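These come from TrEMBL:
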- A:497-513: compositional bias 'Low complexity' (COMPBIAS)
- A:485-521: region 'Disordered' (REGION)
- A:12-31: transmembrane segment (TRANSMEM)
- A:76-99: transmembrane segment (TRANSMEM)
- A:105-126: transmembrane segment (TRANSMEM)
- A:133-158: transmembrane segment (TRANSMEM)
- A:178-200: transmembrane segment (TRANSMEM)
- A:212-229: transmembrane segment (TRANSMEM)
- A:265-283: transmembrane segment (TRANSMEM)
- A:322-340: transmembrane segment (TRANSMEM)
- A:369-389: transmembrane segment (TRANSMEM)
- A:395-415: transmembrane segment (TRANSMEM)
- A:422-441: transmembrane segment (TRANSMEM)
- A:447-467: transmembrane segment (TRANSMEM)
Amino acid sequence: MTDTATRPGAPRILIPALLIALLGTIVTVALDTVLLWWAALIIGVVLAFAAVVLVDRRMPEAERTGASGTKEEGTTLHRTLVVPTALVLSVVSGLLLAWFLDLSLIEPVAAALGAFAGSAAALLLYRRLSAMLALSFAAVFAAGIIAIAVTALVLFFSGIAPGATFARMVEYGTRPNSLVQIINDGTTYYLAAVAVAIGFKMKLFNIGVDGQYRLAALMAAAVGGWLVLPPVLSQIVIILVAVAVGGAWAGIAGYLKVTRGVSEVISTIMLNAIATGITAYLLNTDRLAVEISTNNIGTPPLPEGSWIPGIPAAFLGSEREIFGLVLLAAAVGVGYAVMLNRTRFGFELRATGQSQSAAEASGVNVKKMVFLSMLFSGMVAGLVGMPQLLGSSHYYALDFPTGIGFIGIAIALLGRNHPVGIAFAALFWAFLNQAAGILPFDGIPQEIAVIAQATIVLTVVVVYEVVHRWGRRYQQQQIGKELGTTVAGPAEETAPTGAASDSGDGTGDDTPGTGRGGEAK
Amino acid sequence: MSSTPSGDGGQAPPAVELRGITKRFPGVVANHDINISVAPGTVHAIVGENGAGKSTLMKTLYGMHRPDEGTIHVNGRQVKFTSPSDAIRNGIGMVHQHFMLADNLTVLENVVLGAERLHGIGARARAEILRLSGQYGLGVDPDRLMEDLGVGDRQRVEILKVLYRGARTIILDEPTAVLVPQEVDELFDNLRELKREGLTVIFISHKLDEVLSVADEITVIRRGTTVATADPGTTTARELATLMVGGELPVPELRESTVTDRVVLSLDGVTVRSGDGRAVVDGVGIDIHEGEIVGIAGVEGNGQSELIEAIMGMRPVSSGRIRLGGQDITGWHTLKIREAGVGYIPEDRHRHGVLLESSLWENRILGHQTKRPSVRGPWIDRAGARADAERIVSEYDVRTPNIDVIADALSGGNQQKFIIGREMSGEPRFLVAAHPTRGVDVGAQSAIWEQLREARAAGLAVLLVSADLDELIGMSDTLHVILRGRLVAQADPTSVTPEQLGSAMTGAGLGGDGGTQTTEGGSGDDTADRDGGGA
């Protein structure tokens, strides 16, 4: 039963993996001559997947990531959900990569590389995808479909053809220039969402990312504009100022929570309002600002030596540039993942988020954790304005983007606070924003994107939670079966201690057995 | 032993009949194929060890969840309950183990709460309460404030609440768990009164002596299913025990004394005040020696939890000193106290002991997040934590598929064994064990006792708090009684009886031969240290 000790030997897997990936590639290349590239690729990857299923039995046992360690092969859930999800995911990943490469490479090469990646993914996913992870993907798929359906209904009742609208959005959203814009917006959103997610992991709601990044960006821009420093040093100083200001602003809320018990929801909302006031006060020609154009005032533009150069996006077929700070966002994501999963601080953070009482009994200084996580959240929030400031506008003016903090909350919810999930959510959000930009030209209200975004956040949160809960219960049943026990575990001592609802003619809403079920975010 | 399949009295239809009830839960089958028939006007006891599925069954009967299979019949009629209100409508009421009463309301207000439509909330309701109280001899005063009432009175209010709602069948879930022996006798008098008035009582317990003294018929549940129905007149406790566990019941007992004269933990006049300034722990002084288990007996809510939290640094000490191996640890942070070699088995493992949604190996780190092998500097040592979690699972016989399952998937007993294994790692000098076998099945119970004995033999000092008097008497070298935050008596575990302990817990003094205030070395050597009850 306990088979975790033996890790599969890498070389024994490598050879069949290569063979399978080659199989998928060769089939794709061969079919590419007679079929459209994407049809060829789908067939190739599906064949590779079939090969994986056949070969898998002779390969060493795999460890499933995120699984709670039960044998999943052969269960109904595995057969009906995990395997199909793995298949769909490998095909989709192959298609996406091929499409992406197609922008800069010639088509047959792109298709071949996509097929290779898709086939390799087939092997990996079939062997490593756990039921829980598959459930998450399935939940996101389901939520996406519901959201699209709702949006389509709204369009339909407004007398607009949904199909044509969606087609138009996809077409516009995948143009090279749109792609650059999506990546740039996504970078900003990603930073905001990570800032929010750090708080969420501790069940802290940092609503104040918005005020934190605006204040931080203003201060950083002012420092960069007034204080002329040599290149490199200048950028570093600007970013450090932003981090410090964001952290300090969020730290106020953390301090109030720790010392006076002020709810961070209230204090961060208030701090947002105060930040708005302070920026309005400081952004005045008598103080930090200068006149930038006839209708606009802002901090003095940064000297060119303080800019951060963009990355040319020729590989996407676009003339425009991707923010150089996309690398910073990636680094923040990696840092967030490492912090969360590999450090003692991250462990204590998660422990406090899961059960404050257990953390306290284990010697975690909960107050310190609250303050520090608020501080870190604010420090990341301080970075939110940096890609824009250093990469594009070069000054903080009246037209500096606002409201990104709130978008960050939605994206953190959508990405389930997971570093990778947030990345996809941020790109998806930016895609909807960008793609909707074409709609006014067709006389379609642009707000359709907002409806889609709102629906998808709601559906993802609800569907994910429902599916996740169900999946966990299913898994517990599997464990129960495996152990073959018939002893009542959850029923003991969970006698409802809540309201006296079941003594009267109340609704009797106690759900025994799962009395302490997971908390919806 | 008379173990007929089910009561087939003949005349009146059974008040309640359960046929083939099966209920599955995440991870377990809590009940399967349960068959019980309860004759009207009787006290029917349902016995089984902790975790055998008694509470699950009663929740099914009370409509708190629906059975996956099987049928329920009330007075010969098949019924389907979707909520407790359905059960109440059919004359079935339940008194939970944990009371559901609002402290700041009067008895009258508590009773009418949620049943205002029956008799209003004024004079009519009061008259009805007085009538019921008189009829069933409950002696409840409708105008007393709930917080002024003792545990026994509260229980009677709970029973009255159920009667007020028109119940003819009353389910009592482990009603004696919170009572001292004297209160138990009073409760049983009340139950006989109810029976005389024609009501049916379903009485859930795992205490066999009590069951034998009050029940008319006994159904034994083992591992989620009914194994026998017995007649208390012809059955002995031993036979019932055998039925319950399918073998002999383990008995908590210590072997030869291992107590040394080296003090590990010393409490000196420790006082803890609650938010409103009341002393919840009042001048407690104990010395715990290497190789000694010191037991604290007391009715729950008399300061045990606060005392433990003060020792663990989770609650400020307002006066007095706590010393660990001569070092003053008063006011230290929990983490520092743990690092100094204090293990902690919390009384509520779900709140304080585990992260239910984290894997076992992550739970291995909890509380030891600054120590090897789970951590290296600021980094989590995954390999180390996993290896040590594997060690705990095998050494402490934690029944789990592997260490990647979340803690929530394990049964209570296995969670507890894992916690004990974790707290014993790193060789603690001193262990706080609060209710170490609560809600744990018999097999795990004896394993836990054995681990405590082994650790004691290896020189561990243990503070044991428990509500199980047999466990306290059997496992302690020294036994103190706590009442309203003070140590009021010290008893000799080799000679004291549960009854004597119970009377001391209510403040009546040990009486008899228990030896109040003065003690002698129980098992060979001198453990007499400072006596409790300091002003």
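Any Cβ shown, glycine's included, is placed from N, Cα and C.
Scored on C-beta pairs under 8 angstroms, the neighbour of the transmembrane segment (A:178-200) with the top count among A:12-31, A:265-283, A:369-389, A:422-441, A:447-467 is A:422-441. Within the same chain, residues 64-67, 81-82, 85-86, 88-89, 165-166, 416, 444-445, 448, 451-452, 455-456, 459-460, 462-464, 466-468, 470-471 sit at least 6 positions outside the transmembrane segment (A:133-158) and bring their C-beta atoms closer than 8 Å to a C-beta of that stretch. Residues 24, 37-38, 41-42, 44-46, 48-49, 53, 110-111, 113-115, 117-119, 121-122, 125-126, 129-131, 134-135, 137-138, 141, 471, 474 of the same chain sit 6 or more residues outside the transmembrane segment (A:76-99) yet have a Cβ under 8 Å from a Cβ within it. Between the transmembrane segment (A:265-283) and the stretches A:12-31, A:105-126, A:212-229, A:322-340, A:395-415, the greatest number of Cβ pairs separated by less than 8 Å involves A:212-229. Between the transmembrane segment (A:322-340) and the transmembrane segment (A:212-229), fewer than three CB pairs separated by 6 or more residues in sequence fall under 8 Å, so the two stretches do not touch. The largest share of C-beta pairs under 8 angstroms with the transmembrane segment (A:369-389) comes from A:212-229, of the ranges A:105-126, A:212-229, A:395-415, A:447-467. Listed as Cβ neighbours of the transmembrane segment (A:395-415) (distance under 8 Å, sequence separation of 6 or more from its ends, same chain) are residues 188-197, 200, 207-214, 217-218, 220-222, 225, 272, 283, 289, 292, 296-302, 381, 384-385, 388-389, 421-426, 428-429, 453, 456-457, 460-461, 521. Within its own chain, the transmembrane segment (A:105-126) is flanked in space by residues 16-17, 20-25, 27-29, 32, 37-38, 40-41, 44-45, 48-49, 52-53, 56, 83, 86-87, 89-91, 93-99, which lie at least six positions past its ends and keep a Cβ under 8 Å from the stretch. For the transmembrane segment (A:422-441), the residues of the chain that approach it from at least six positions outside its boundaries are 165, 168-170, 172-173, 178, 181-187, 189-190, 193-194, 197, 333, 407, 410-412, 414-415, 448-449, 452-453, judged by C-beta separation under 8 angstroms.
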